[in-house]
Amino acid sequence: MTYLKIGSAVATSERPLIAVPVMGETVNDVLVMLEQANDSQADVIEWRVDYLTDPGELQASQMQTIAFNADKPLIVTWRTVAEGGQEDFDSVAYHWVYQLAIASRVAAVDVEVALLEEVGDVVEDAQSQGITVIGSRHYFDATPADLDAELQSMVATPVDVVKLAVMPNDDGDVQRLLEATKVAHQTKPLITMAMGELGQRSRFEGYQYGTQLTFASLGESSAPGQPGVAQLKAHFE
């Protein structure tokens, strides 16, 4: 198994990496949250750029400022509305934001697998600069019937890390996700989670099945079921 590496942060067999999201409508809002994230017990910070009022108006100097002020490895993510985010996909703006992230040498970028045909160049550019590419897919309404096939198809894409989030209907869905993770995790580093209160145990137990990063909240969560970062860190100590 290849252990997940996001910048200087590396997962271990004892526990997964812990990431916290920062979300703000303005760059100043993001910088305030970034200070909180820097002071937290998280290993990694995810900046959800889709929360900006207009991501396409982001300036190079602003991206550089945020990257410089992140004391922990930074993941840049534009989550589209189609997958539970705040901003619709706009090819020009999306490419602009991700090129700024790559130029600023962030640790990782998250690209939705459904967009790979449109943004394959982003993946290539990031990887050419040694930036980790996380390929993600989110099911906010249900859990796919064939999770093994789902993960296999994602692993086959040209990303470095696979992230799959699902909404369980019952605990059986949570267990199916964990078991599918156990089967697939030998090929590429995996990040899997079942969302909502029902799926919360996947965030605590997932590493035992091969998931190598889990998300926690500083206060406001970016997905249903995220525990607090202190609670999650204490669990793994």
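Note: Cβ is positioned from N, Cα and C throughout, glycine not excepted.
A TrEMBL annotation is a machine prediction, not a hand-curated record.
Per TrEMBL, the features are as follows:
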| type | residues | note |
| --- | --- | --- |
| ACT_SITE | HIS138 | active site, proton donor/acceptor |
| ACT_SITE | LYS163 | active site, schiff-base intermediate with substrate |
| BINDING | GLU46, TRP47, ARG48, ARG79, ARG203, SER222, GLN226 | 3-dehydroquinate binding site |
*Helix, strand or coil at GLU46 (3-dehydroquinate binding site), per DSSP?*
strand
_Cα distance (Å, whole number) from LYS163 (active site, schiff-base intermediate with substrate) to TRP47 (3-dehydroquinate binding site)_ = 16
*Cα within 10 Å of HIS138 (active site, proton donor/acceptor): which of the recorded positions GLU46, ARG48, LYS163, ARG203, GLN226 qualify?*
LYS163
*Please work out the number of neighbouring Cβ atoms within 10 Å of the Cβ of TRP47 (3-dehydroquinate binding site), leaving out its own Cβ.*
27
_Under DSSP, is GLN226 (3-dehydroquinate binding site) part of a helix or a strand, or is it coil?_
coil
_Please report the distance from the Cα of GLU46 (3-dehydroquinate binding site) to the Cα of LYS163 (active site, schiff-base intermediate with substrate), rounded to the nearest angstrom._
14
*Cα separation, LYS163 (active site, schiff-base intermediate with substrate) to ARG79 (3-dehydroquinate binding site) (Å, whole number)*: 13
*Distance between LYS163 (active site, schiff-base intermediate with substrate) and ARG203 (3-dehydroquinate binding site) at the Cα atoms, whole Å?*
13
*asked:* DSSP secondary structure for ARG79 (3-dehydroquinate binding site), reduced to helix/strand/coil, please.
replied: coil
*Could you find out if DSSP has ARG203 (3-dehydroquinate binding site) as helix, strand or coil?*
helix
*Secondary-structure category, per DSSP, in which LYS163 (active site, schiff-base intermediate with substrate) falls*: strand
